[in-house]
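Following: one structure in structure tokens, then a few remarks.
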Amino acid sequence: MSPLGTMISLSSLATGTIITMSSHHWMMAWIGLEMNTLAILPIISKQHHPRATEAATKYFLTQATASALILFSSSMNAWKTGTWDITQMTDPTANALLTSALAMKLGLAPVHFWLPEVLQGSTMKTALIISTWQKLAPMALIYLTMNNLSTFILLTMGTLSALLGGWAGLNQTQTRKIMAFSSIAHLGWMVTIATTLTNIMTMALIMYLLMTTSMFSALILSKSKTVQDTATSWTMSPTLAIMTMLTLLSLGGLPPLSGFLPKWLILQELITQNLIPMATAIALSTLLSLFFYLRLTYTTTLTTSPNTTQTKHKWRLKPTTPNLLFSTSIPLTMMALPLTPLLMN
């Protein structure tokens, strides 16, 4: 894609999200979501490869369906109540439809099937955009409409996503699919707490964005598309291998890394609200996720793969990929735990 085309697509992508996040009228929110979807389609399909075209088609169909459901639910609410205000969703049927539509937008279980396929069909950089930036608009709508959304549907989908994100990721060998299931599990945690405390949800979203950005940046720098590829990443840069290991452990939620912070606060709040079976279920689902993070950690840092003499000195070569994103997101991915009191005020 030409630089002009890339600039137009990325600026439209940003504008669409900002319109949705700053609107109070359902029609404006819908326009923002549509702009967002249409702007990312050329970015996904720019590879001119059948897998990329297929990924763009799947993404378009699911997002268009979700947008249509949002429009349908807001129209139904306007018909019943006479208002298009986002915060005034009072019709129960419209709320249930909206909850399902936003879940489809985010990729929550059981409407998650598009996410791993789309990430696998796109490039690493595009997968990073879909896993991070594309989650902002639906999460903003969940934040705005939280008082009216169906609590039962959200809690059920959140628990299902956390369990399925861990369970389905166990058998994967492609790093993009592993990151997709990791994304589903993290979004499950966020949606579970959204019903109780939206400020913890926001904090969990920020931590998820930082950790996912760090992980994708590490995979882009080491050019690791499969678990097997990560075994040779130490030849690229020993420091990168260590940082990848710490990012993976942070994604798994191990203390004293930053990833422990949202999990700790979410579990504490769920227990306070007497949702103990749900807290137990999502805490156990983290063990499943932790297994595949640890498997990646093992291949990245604890195995020496058979190498030829030439590749042992690969780290001497100056990397051509810009790593500003990686170096800015890594400190927060690893060391934000002492900032807990500041973040919660």
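Note that Cβ sites are derived from N, Cα and C of the backbone, with glycine treated the same way.
From a predicted model like this one, the values you see are computed outputs, not experimental measurements.
Sequence annotations record features per position, and here TrEMBL assigns domain 'NADH:quinone oxidoreductase/Mrp antiporter transmembrane' to 23-288.
The transmembrane segment feature in TrEMBL is assigned to 152-171 (among others).
Long-range neighbours of the transmembrane segment (178-197) within the same chain, counting only residues 6 or more positions beyond its ends whose Cβ lies under 8 Å from a Cβ of the stretch, are 103, 106-109, 112, 115-116, 119-120, 127, 131, 135, 139, 142-143, 146, 149, 151, 154-155, 157-166, 168-169, 172, 204-205, 208, 212, 215-216, 219, 227, 251, 262-263, 265-266, 269-270, 273, 278, 282, 285-286, 289, 292-293, 296. As annotated by TrEMBL, transmembrane segment applies to 178-197 (among others).
What TrEMBL lists as transmembrane segment is 203-222 (among others). Long-range neighbours of the transmembrane segment (203-222) within the same chain, counting only residues 6 or more positions beyond its ends whose Cβ lies under 8 Å from a Cβ of the stretch, are 124-125, 127-128, 131-132, 135, 139, 175, 179, 182-183, 186-187, 189-190, 193, 229-230, 233, 236-237, 240-241, 243-244, 247-248, 250-251, 258-259, 261-262, 265-266, 319, 321, 323, 325-326, 329-330, 332-333, 336, 343-344.
Residues or ranges marked as transmembrane segment in TrEMBL: 234-255 (among others).
The transmembrane segment annotation in TrEMBL covers 275-294 (among others).
What TrEMBL lists as domain 'NADH dehydrogenase subunit 2 C-terminal' is 290-343.
Residues annotated as transmembrane segment in TrEMBL: 324-344 (among others).
The average pLDDT the prediction assigns to the domain 'NADH dehydrogenase subunit 2 C-terminal' (290-343) is 75.
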